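Since the structure comes first, as structure tokens, the remarks are kept for the end.
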Amino acid sequence: MSFFCNNSHDTSTNSNYQDVTIKNIHLDWEVSFGDNLISGVAILSFLVLSDTKEIILDSNNLAINSVKYMNMELEFCYINTGHMDGSILINAPFLEKGLSGSLVIDYQTESNPGALQFLSKEQTNDKVASYLYSHCQPCYARSIIPCMDTPSVKQTYTASVTVPRKFTVLMSALSNGCSKISNNRVTYHFYQPIPIPSYLFAIVVGYITRKNISERCAVWSEESTIWKAHFELLEIEKILQIIERLLGPYKWGRLDFIVHPDSFPIGGVENPCCIFLPTTFLTGDRSLLSVVIHEIIHSWIGNTVTIASWEHYWLKEGFTVFLERKIIGILYGEKIRDLEYISEWANRLEITICNIFGCQHEFTKMVPDLSKSNPDDAISFVPIEKGSALILVIEQFVNDSGRFEQFIRDYIRKFENVPITTDRWLDYLFDYFKDKKSSLNSINYNQWIKKPGVPPNKPLLDNSLWIKCIKLSYKWIDASDDDLCKSNFMDATIFNEMSSTEQSIVLNFIIRYSRKISIYKAMKLTELYKLDERRNCEITMLWLCIGLIAEWEGIIYPALKFVNTYGQIDSSKAIYKLLLRWSFSKSIAIKNFFMNQHFMHPSTRYIIYEIISKEC
């Protein structure tokens with residue numbers, strides 16, 4: 001049966017990927033930190049699927065020097081065929097259905113490539129050398145490789161990357177050693193034998209070091225961070241084995257991690273063989289390992305079973321969050337898992353739908369129409385939280401978690417080589433659970449998936465921990481300053497014995513539902529719970545927000561220190577908005593931004609500059 005008639009063509013690509021496909025890419029690159037660019041050759045092995053006389057590749061900010069086929073130069077031109085960034089059309093009159101061959105493209109990246117971030121040594125933690133990393137998701141691979149930049153096309157790849165001596169190179173692939181070219185340069189070699197979509201191409205170049213965790217896991221980072229990173233990830237092999245019991249064997253060979261400098265603005269990236277992580281997960285107590293668990297699960301959901309287009313983002317991220325919370329339930333208990341569902345529904349999903357987009361906005365649909373939009377504009381908590389909640393609802397209607405987990409393993413095996421869409425997933429679900437058809441039919445899929453706004457119903461969840469958090473929050477919200485002065489007002493034990501998830505909920509609720517927070521209340525919270533000593537960045541960010549809402553002068557310096565250290569976009573936005581809202585700290589915040597902007601990641605810098613511009 002078919003539920004929805006989604007367009008099978010991915011509109012985020014300008015390539016003619018339905019006529020020609022790419023089977024393998026070989027990259028021969030040289031990295032120049034002096035010019036902040038990559039130059040070299042991409043060899044694209046292609047297969048012609050239908051009669052055509054041209055190959056169209058996605059390309060953005062690439063200077064193409066030549067395109068050759070069997071040593072014959074081919075004519076090409078830059079074109080714009082859609083709402084996304086440009087492409088190159090290669091004239092190939094010799095093409096015929098079934099033909100396979102290779103294009104040799106000589107090129108270099110130009111200024112400000114969307115997928116590459118060159119950091120000066122000042123933007124790193126150790127401040128000894130420049131640093132480079134890429135981020136191609138959702139559709140920025142086209143700014144470093146002329147390719148078919150759609151998740152519908154998966155290819156293997158090999159690479160040889162030449163860098164100055166003493167730099168180390170990592171990629172989303174397995175290492176094949178390195179070779180010395182001269183006293184000043186060295187070439188690193190890589191191979192990725194498993195086909196991947198373009199958004200999973202990744203590279204890191206920096207002065208980094210490595211510590212092994214297990215035979216197949218290691219962590220990389222700058223020297224000053226390596227011991228903290230190693231401690232935080234010491235239990236990752238055990239966690240990986242738990243995930244394997246749920247989803248099947250890990251097939252990518254190595255599972256390494258790179259902890260980037262503090263200015264890294266993203267929560268985590270699931271690159272095969274080399275997961276990217278921010279320093280904000282380094283809490284010293286492993287309380288933010290859910291970030292790591294999430295990225296590991298993508299090795300099955302997203303990297304192995306890959307969506308056909310970004311309209312079906314929920315099948316990548318919503319499914320991963322559902323499985324992440326299953327693992328959280330195994331490790332920390334079902335009540336914590338349920339608490340995360342309840343909290344994220346209230347604090348992420350409803351706020352994003354009602355306060356940010358608006359209840360009728362296209363992007364509040366689980367499967368939005370992206371035919372005229374950049375997928376990046378639509379990425380939000382909506383498909384993530386709607387998707388994970390729907391899958392949990394379905395599991396509850398199946399009423400057999402063991403059988404549903406077997407369904408997931410079978411789904412991964414069946415679709416590892418087939419681009420997945422919402423239609424295909426639902427068809428497979430109903431075919432798999434034929435005996436549960438009447439139960440599954442009682443779910444309003446049209447309302448969940450195609451309609452904007454808040455979903456029609458919630459999963460059945462244990463709310464006991466949520467109630468506990470809210471009760472503690474309201475003790476603070478309802479307390480006057482006189483109440484706070486009483487010696488028996490509050491015991492720190494309840495809060496201190498909570499998980500970091502519960503503590504975050506308490507503080508977030510105080511922020512959201514207090515009509516006013518007094519300076520004394522902010523100081524009392526700090527003193528009682530020692531919030532100024534916490535290493536968990538999520539807790540620290542909420543504490544800073546409480547202090548800024550209270551307009552407590554003593555919080556300004558810690559707030560500035562936080563945004564000057566960590567580059568994550570969401571926390572920087574929240575803190576700068578509060579600093580700018582308060583007349584006393586507004587000029588201080590603006591001065592701080594312009595003094596420290598050269599330390600910031602370009603994406604973070606641009607967003608904060610836009611916020612400041614609106615306030616001035």
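Cβ coordinates come from backbone N, Cα and C, glycine included.
Keep in mind that TrEMBL annotations are predicted by a computer and have not been checked by a curator.
These come from TrEMBL:
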- HIS294, HIS298, GLU317: Zn(2+) binding site (BINDING)
- 464-612: domain 'Peptidase M1 leukotriene A4 hydrolase/aminopeptidase C-terminal' (DOMAIN)
List of residues, in chain order, with Cβ under 8 A from that of GLU317 (Zn(2+) binding site) and at least 6 apart: GLY302, PRO383, ILE384, GLY387
Same-chain residues at least 6 positions away from HIS294 (Zn(2+) binding site) with a Cβ under 8 Å from its Cβ, in sequence order, are GLY268, GLU270, THR320, VAL321, GLU324
If you count Cβ atoms within 10 Å of the Cβ of HIS298 (Zn(2+) binding site), leaving out that atom itself, what do you get? 23
Other residues near the Zn(2+) site, CB within 8 A of the CB centroid of HIS294, HIS298, GLU317? GLU270, GLU295, ILE297, ILE301, GLY302, LYS316, THR320, VAL321, GLU324
